[in-house]
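Participant: Found this in TrEMBL, in case it helps:
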- 22-469: domain 'Major facilitator superfamily (MFS) profile' (DOMAIN)
- 15-35: transmembrane segment (TRANSMEM)
- 76-95: transmembrane segment (TRANSMEM)
- 107-126: transmembrane segment (TRANSMEM)
- 165-183: transmembrane segment (TRANSMEM)
- 195-216: transmembrane segment (TRANSMEM)
- 278-302: transmembrane segment (TRANSMEM)
- 314-336: transmembrane segment (TRANSMEM)
- 343-365: transmembrane segment (TRANSMEM)
- 377-403: transmembrane segment (TRANSMEM)
- 415-436: transmembrane segment (TRANSMEM)
- 442-465: transmembrane segment (TRANSMEM)
Amino acid sequence: MTTTEGNSVKFESRITFYVVLCWILAAFGGLMFGYDIGISGGVTGMDGFLIKFFPNVYRRKLKAKEDNYCKYDDQYLQLFTSSLYLAALISSFPASKVCTKYGRKPTILSASVFFLLGSGLSAGAHQIWMLILGRISLGFGVGFGNEAVPLFLSEIAPVEYRGAVNILFQLLITIGILIANLVNYGTSKVHPWGWRLSLGLAAIPATGLFIGSLIIPETPTSLVERNHEEKGRKTLKKIRGVENVDPEFEQIKVACEIARRVKYPYRNLMKISSMPPLIIGIVLQVFQQFTGINAIMFYAPILFQTVGFKNDASLLSAIITGLVNVFCTLVSIYAVDKVGRRLLLLQACVQMFVSQTAIGGILLANLKSTNSLPKGQAWVVVVLVCVYVSSFAWSWGPLGWLIPSETFPLETRTAGFAFAVSSNMLFTFVIAQSFLSMMCHMRAGIFFFFAGWIVIMGIFVLFLLPETKGVAIDEMKERVWKKHPIWKKFMGDDADDRAKKTIEMS
Ligand code: BGC
C-alpha cells in the first residue's frame with residue numbers, strides 16, 4: 001500500500017534479504033576507506049618501515065637529543081599519507097562521470113580493482129616510488145568508491161531509511177579505522193616486515209568489494225537514467241520484494257526526467273539561489289578538516305609517542321580512540337533526528353574547544369624539546385583525545401556529510417555533492433601533508449591553532465547554519481532558506497535576474 005504522511009510519500013516495500021546482502025557487500029567500500037585512513041599512522045611509526053624507506057627519520061627518532069616535536073617532520077613521510085587524498089580528489093571528477101554514464105556497479109567494480117592494485121603495490125614495495133604509486137592507486141579507489149558507494153546504498157534503501165543509511169556509511173568508516181588500529185597493534189610485533197602485513201591486509205575488504213560488485217544489481221535510478229526502464233522496474237521489484245512498485249517507479253522516472261532536463265548542472269550551481277547550500281556544503285567540509293580530526297586519525301600513534309609512550313602503548317591508545325570513535329558515531333544515528341543538527345554541532349564545538357586547549361596547555365607547560373611527559377599526564381592526554389574524538393564522532397563527522405546531502409535541490413544535487421566531496425579530499429590532503437611539519441614549527445601551539453578554528457566554526461553554525469531536522473528535501477527552499485534572515489536574500493525568485501541585470505548594466 002502507498003501511504004502519504006505529511007508531504008512525504010511512503011512506498012510499499014520490505015527490507016528484503018537481497019537488500020541487506022547488497023548493503024553488506026557495498027559496505028566493504030566504507031570499511032576500505034576507513035582502513036586506509038587508520039593504517040598509515042601506525043605504519044609510519046614502525047621501525048622496519050622507517051628503516052627501509054625513511055632512514056633519516058629513523059635516525060632522528062633514536063637520538064635522545066632530538067626535538068620531541070620534530071622527530072617525524074619529513075615531507076616524504078607526510079606524502080606517504082597525503083598522496084592518497086590528492087589522488088582521491090583528482091579522481092572524483094572522472095568517477096562522477098563514470099557513475100552517471102555507466103552506472104554505480106561498474107564504478108564500484110573499478111574502485112575495488114584500484115584498491116586491490118594499491119594494496120598489492122604498497123605491501124610489496126621495495127622502493128619509495130612503488131609505495132607512493134600504491135597509495136595513489138588506493139586514492140583512485142577512494143575517489144571512485146566514495147562517489148558510488150554512498151549513492152548506491154541510499155538508492156537501494158527504502159525512502160524512510162535513507163538518512164540512517166547515510167550515517168551508516170560514516171559508521172563503516174570508523175569501523176574501518178578501528179580495524180586498522182587493531183591490525184597495526186598486531187603487526188607491529190612482526191619485525192621487520194609487519195608493515196607489509198598492515199598494508200597488504202587491505203586486500204581483504206578490497207576482495208570483498210570486488211566480489212560484491214559482481215553480485216550487486218545496478219540501481220533502478222541509474223538504469224532509468226540511462227534509458228533501461230524495463231530493467232529498472234524489474235530490479236526495483238526484486239529489491240523491494242513486492243509486486244506493486246509503480247508509485248515509487250514513477251517517482252524515480254520523474255526525478256530522472258528533471259535531472260535530465262538540467263543540461264548544465266555546474267552552471268546551475270553558480271546561480272545566486274544555489275549559493276546557500278553550496279557555501280554551506282563546502283564550508284562544513286573545510287571546517288570538518290580544521291577541527292584537526294585527521295591529525296588524530298592519521299597520526300595518533302605518532303602523537304602518543306611524542307608525549308612519551310613506547311610504540312606498543314601508543315598503538316594501544318590509538319585503539320582506544322578508535323573504539324570511542326565507533327561508539328560515539330552510534331550516538332549520532334540516534335540523536336541526529338531527535339536533538340537536531342545545530343545543537344549537536346554547537347555542543348561539539350564547546351567540547352572540542354575545551355579538550356584541544358587542555359591538551360595544548362599540558363604540552364605547553366610540560367613537554368619540552370627532549371623530555372617526556374610523566375605517565376599520569378600522558379594518560380590525561382589520551383583521555384582528552386578521547387573526549388575530543390567522541391564529540392567529533394557524534395557531530396561534525398557524520399553531519400559534515402549528511403547536511404550537504406540533504407540541502408541541495410535535485411537539479412544540482414550530484415554536482416553540489418561532488419564539490420563537497422572534493423573540498424573534503426583537498427583539505428584532508430592539506431592536513432595530512434602539513435600536520436607533522438606544523439607540529440614541529442608551532443609545537444604545542446598547533447592545538448591552540450585548531451581550537452581557534454573551532455571558535456570560528458561555532459560562530460558560523462550559530463549565525464549561518466539553518467536547522468534542517470525533519471524538513472523534507474523538496475521543502476528546503478520554502479521552509480529553510482526563504483525563512484533564514486541572511487540566506488533569504490539569495491532566495492527571492494528574482495535574485496538571479498537582479499544579479500544578471502546588475503552585470504548587464506555594469
Ligand atoms: C572524515 C574523515 C575522518 C573520519 C573520522 C570523516 O567524516 O571525513 O576525514 O577521518 O570522519 O572518523
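Yeah, the Cβs are placed from backbone N, Cα and C, and that goes for glycine too.
Small disclaimer: the values here were computed from a predicted structure and weren't measured.
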Participant: Would you mind giving the whole-number mean pLDDT across the domain 'Major facilitator superfamily (MFS) profile' (22-469)?
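Facilitator: Average per-residue pLDDT within the domain 'Major facilitator superfamily (MFS) profile' (22-469): 91.
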Participant: At a C-beta cut-off of under 8 Å, are there same-chain residues at least 6 beyond the transmembrane segment (377-403) that contact it? List them, or none.
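Facilitator: 150, 163, 166-167, 169-170, 174, 280-281, 284-285, 287-288, 291, 293, 296, 300, 303-304, 307-309, 317, 320-321, 324-329, 331-333, 335-336, 341, 344-345, 347-348, 351-352, 354-356, 358-359, 362-363, 366, 420, 424, 457, 465, 468.
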Participant: Of the listed stretches 15-35, 195-216, 278-302, 442-465, which one has the most C-beta pairs under 8 A with the transmembrane segment (343-365)?
Facilitator: 442-465
Participant: At least three Cβ pairs under 8 Å linking the transmembrane segment (165-183) and the transmembrane segment (442-465), pairs spaced 6 or more in sequence?
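Facilitator: They are not in contact.
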